[in-house]
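Copied over from TrEMBL:
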- 26-45: transmembrane segment (TRANSMEM)
- 65-85: transmembrane segment (TRANSMEM)
- 97-115: transmembrane segment (TRANSMEM)
- 121-141: transmembrane segment (TRANSMEM)
- 153-174: transmembrane segment (TRANSMEM)
- 186-207: transmembrane segment (TRANSMEM)
- 423-439: transmembrane segment (TRANSMEM)
- 445-462: transmembrane segment (TRANSMEM)
- 483-505: transmembrane segment (TRANSMEM)
- 511-535: transmembrane segment (TRANSMEM)
Amino acid sequence: MGVNGGNYRGSECDDKNYEMVPPEGGWGYLVCVGLSVIFIAGTAHQPVFGFIYNDFLDELGAGTGAVTVVYGVFQVTVALAGFSANIALKKLSLRQVGLIGATIYTLASFLAIFVTSTTQLIVTNGFLQGLGMGLLIPISYTSFNSYFTRKKVLYLSLCKASIGLITMVYPLFIKFTITEYGFRGTLAILCAISAHSIFGALVMHPVKWHMIKQIKSCEKIVLIPPTPATATEENKFNFPKIKDNKTDEAKSVENLLIANTDKQKDRSELLLVPKLVDSRRLSIPVVLIPDDPRTDSKFNSNDNVYLENLYKAASVSSLGNFGGIAAEPMPIIKNKEGKWQTVADFLDLTLLKDLVYDNIIIGMSLTFFSDLTFFTLEPLFLDKNHLDRGQIANIIATGGATDMSARLLLGVSGQFFKMNSRYMFYVGALLTAIFRIVFVQFTSYIPLLVLTGILGAIRSLLHIAQPIVMAEHVPIERYPPAYGLYMLLAGGISLTIGPMIGFIRDYTGNYVLAFSMLTMCNVLCVVPWTIEAILKYMRHKKITKCVQG
C-alpha cells in the first residue's frame with residue numbers, strides 16, 4: 001500500500017494478514033498483581049507513619065513536626081524521580097528501571113530499621129523511599145496501560161480496590177506488630193513487605209513478549225497524492241481557512257473532487273485533491289472507514305466524521321495522531337538544535353506544546369492535590385466541631401468503605417459499559433466540588449457521616465480514572481515522560497499551594513475557608529476542561545455547517 005505518482009490503491013481483506021495486539025489478560029493479570037503489590041508495599045503504611053514513629057520521635061524530642069518534614073521530602077523526591085524516570089528509560093527497559101526503584105526502596109526500608117536520629121529518618125524514609133517509589137509509579141502504570149486497551153477501568157478498579165482494602169486494615173496490623181514485636185520488630189516486618197516490590201517489578205515484562213495474533217481489520221484507504229488533479233467547478237467543496245499555531249497562512253484542502261468511475265463503484269471511491277493553496281503538497285495515506293460487515297461499507301463522501309478528519313488532515317501541524325484516524329506524518333526537518341532544544345528533546349518536554357495535554361495535567365494535579373489535602377484535614381475539622389473520637393472514626397471509616405465499594409462497582413460496570421476515563425475524572429471533580437460546598441455547611445454527626453460517604457464514593461472516580469486519562473491521550477511509548485511531567489507538576493503544587501492553604505488555616509483558624517480554597521482547585525480543573533469541550537464542539541459544528549452549506 002502506498003503512493004506512486006498519481007496512482008491509487010485500496011487495501012483488500014486478507015484473512016491471512018495478522019497484527020500483534022496486547023493480550024487484554026494473560027500475563028497482564030500478573031502485571032495487575034505486580035502493580036497492587038508495589039503500591040501496597042510502598043504506600044499502605046504511609047497513613048500510619050506517625051503512629052509507627054510516635055514514641056521514637058518523642059524519645060528524640062523531635063515531636064510530630066518531623067513527620068511533616070519526612071513526608072514532605074518523600075513527596076518532593078517522588079515527583080523528581082518520577083520525572084527523571086524518563087531519562088533512565090532512554091537506556092534501560094521498563095522492568096530494569098522498576099527493579100532499580102524496588103531495590104532502592106527495599107534498601108531504604110532495611111536501613112530504616114537502624115535509624116537513631118531524625119536526619120537518618122529523613123534520608124531513609126524521605127529521600128531514598130521517595131526515590132524508589134518515584135521510579136516505580138510511572139513504570140507500573142506504563143506497564144499496565146500497555147497490556148490493556150478495552151478493560152483498563154475493570155482491572156485498574158480491582159487493583160485499586162485491593163490496595164485500598166489492605167490500607168484500611170493496616171492500622172490494626174501495625175498495632176498488632178508493635179504490641180507483639182516492638183518498634184524495631186515492626187520496622188523489620190515492614191522491610192520484608194517492602195521487598196515484595198521487587199517481585200512486582202519482576203513481572204513487568206515488555207508487552208511485546210506476550211502480544212497475541214489478531215486478524216487485521218480491513219480498512220478503506222484514501223490517498224492524497226502529491227500531484228494535484230483537475231477539478232470541475234460543480235464538484236467543489238469550499239473549506240474555511242484555518243489558522244495554525246506556527247504558520248499564519250496554513251489553509252485547509254480546497255476544491256475537493258470525488259471521482260467515481262465504473263471500475264471503482266464496486267470497491268472504494270477515491271478522493272482527489274485538485275488544488276492545494278500556497279503550493280502545499282500532502283502525500284499521506286489516511287485510514288478513514290473500517291470495513292465492518294455489520295454496517296454499510298459503501299463510501300460516503302458526505303459523512304461528517306470523514307469530512308472532519310479530512311479537515312484535520314489538511315493542516316500540516318495536525319498530521320500524526322488524531323483520534324481514530326491513522327496518518328503518516330510529513331517528514332520533520334529540524335533546524336540546527338541549540339542546547340535548550342537538546343534538553344527539551346531528551347526530557348520529552350515537547351509534550352508541553354500540546355495544549356490539551358497541558359490542560360489535562362494541570363486539572364488533574366490541582367484536583368488530586370485538593371482530594372488528598374481534604375481527607376488529611378477532615379479529621380481536624382471534625383475534631384474542631386466537638387465530635388468525639390468514636391464518631392470521627394466512624395465518619396472516616398464510612399468514607400473509606402464507600403470509596404472501596406465504588407471502586408468495585410466501577411470495576412464491574414467497566415465489564416459491561418465502555419467508560420471514557422476523562423469523563424469519569426471530570427464528573428468526579430465536579431461532584432466533589434459541589435458536595436464539599438454542602439459539607440462545610442454542617443457541623444453535626446449524621447450529615448457529616450452521610451456527606452463523607454458520598455465524597456468517598458465520588459473519590460473513586462478520580463483515583464480510577466487518573467492513571468488512564470493520560471494513556472488515552474498520548475501514545476504508550478510517551479506515557480512515562482507524560483506521567484513524569486504530571487508528577488513533577490503535582491509535587492510543585494503540593495510545595496506551593498499546600499503550605500499556603502495551611503498557613504491561611506492556621507492564621508485564621510477557619511477550616512471552611514481552607515476547604516473553600518480546595519474546592520476552588522477543583523473548579524480550576526472543571527472550568528478549563530469545560531471550555532475545551534465547548535471549543536471542540538463548536539469546531540465540529542462549524543465543520544459540519546461548512547460541509548452542509
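Note that Cβ sites are derived from N, Cα and C of the backbone, with glycine treated the same way.
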**Item:** Proximity verdict for the transmembrane segment (186-207) and the transmembrane segment (65-85), three or more C-beta pairs under 8 Å
**Value:** no
**Asked** Most CB pairs under 8 Å with the transmembrane segment (483-505): which of 26-45, 65-85, 121-141, 511-535?
**Response** 65-85
**Message:** Within this structure, do the transmembrane segment (26-45) and the transmembrane segment (121-141) have 3 or more Cβ pairs under 8 angstroms, counting pairs 6 or more apart in sequence?
**Reply:** yes
**Request:** Could you pull out which residues elsewhere in the chain have a CB under 8 Å from any CB of the transmembrane segment (65-85), counting only those six or more residues past its ends?
**Result:** 46, 49-50, 53, 57, 97, 101, 118, 121-122, 125-127, 129-135, 137-139, 347, 480, 483-485, 487-488, 490-492, 494-495
